[in-house]
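Heads up: the structure comes next, in structure tokens.
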Amino acid sequence: MPQQIELRNIALQAAQPLVHGVSLTLQRGRVLALVGGSGSGKSLTCAATLGILPAGVRQTAGEILADGKAVYPCALRGIKIATIMQNPRSAFNPLHTMHTHARETCLALGKPADDATLTAAIEAVGLENAARVLKLYPFEMSGGMLQRMMIAMAVLCESPFIIADEPTTDLDVVAQARILDLLESIMQKQAPGMLLVTHDMGVVARLADDVAVMSQGKIVEQGDVETLFNAPKHAVTRSLVSAHLALYGMELAS
């Protein structure tokens, strides 16, 4: 399994250019946070990595490398990169139970799909009464439960890399805290490389090792999390950090 995945000079276009020469490096055991405002190109960059660009959007330049070798995104998706999506409700087939979802995921990847394995993954993400959960349909579960189920699927995949696209969006504060606890636990136990897409600098401060700031389809600043919080250089980064500090009655040093 690869130890590093690199996005090199990725450019995306629809009727007009959307993403301009984005380069990012994911490393096993480290969390790279990709931050920026809505419409900055974060989710499109993730979609390009997975080879699931929306209709009308095409990649016009760049490549993806695994341990320095060029690869097609379809060779990474699911097998080498698991995904935790922004809206879990749209990620599950409403006609299938959680048992069917989990079992089919395992079988597709050649992983054990016995009930004991599925139950262990459910319990690992803090969902009580795994036997009952596995019988539920998506519409019978809350957003927080579905997000934890999606994380359980990522655990079952045992992929060396994870893309978590706004994993705490639209969840209440308690559910958000539980999701962050789970992501921390995955990093400690499995040490994948994680691309964490978020606009919440509090999430960045808690989970990230490195940060890339995106604005208008470009990476405007990259660095380790401590440097970026203490000495942000770009105006967009300074605005994000200042807004975060203001929540605690603090100001960014000039």
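The backbone N, Cα and C atoms fix where each Cβ goes, glycine too.
Here Swiss-Prot flags 2-241 as domain 'ABC transporter', drawing on sequence analysis. The ATP binding site feature in Swiss-Prot is assigned to Gly36, Gly37, Ser38, Gly39, Ser40, Gly41, Lys42, Ser43; the stated evidence is sequence analysis.
Annotated features taken from Swiss-Prot, shown on the structure.
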residue : record           : CB count, 10 Å
Gly36   : ATP binding site : 24
Gly37   : ATP binding site : 14
Ser38   : ATP binding site : 7
Gly39   : ATP binding site : 12
Ser40   : ATP binding site : 22
Gly41   : ATP binding site : 22
Lys42   : ATP binding site : 25
Ser43   : ATP binding site : 18
May I have the list of same-chain residues other than Gly36, Gly37, Ser38, Gly39, Ser40, Gly41, Lys42, Ser43 whose Cβ is within 8 Å of the Cβ centroid of the recorded ATP site, in sequence order?
His199, Met214, Ser215
What is the pLDDT of the domain 'ABC transporter' (2-241) when averaged and given as a whole number?
92
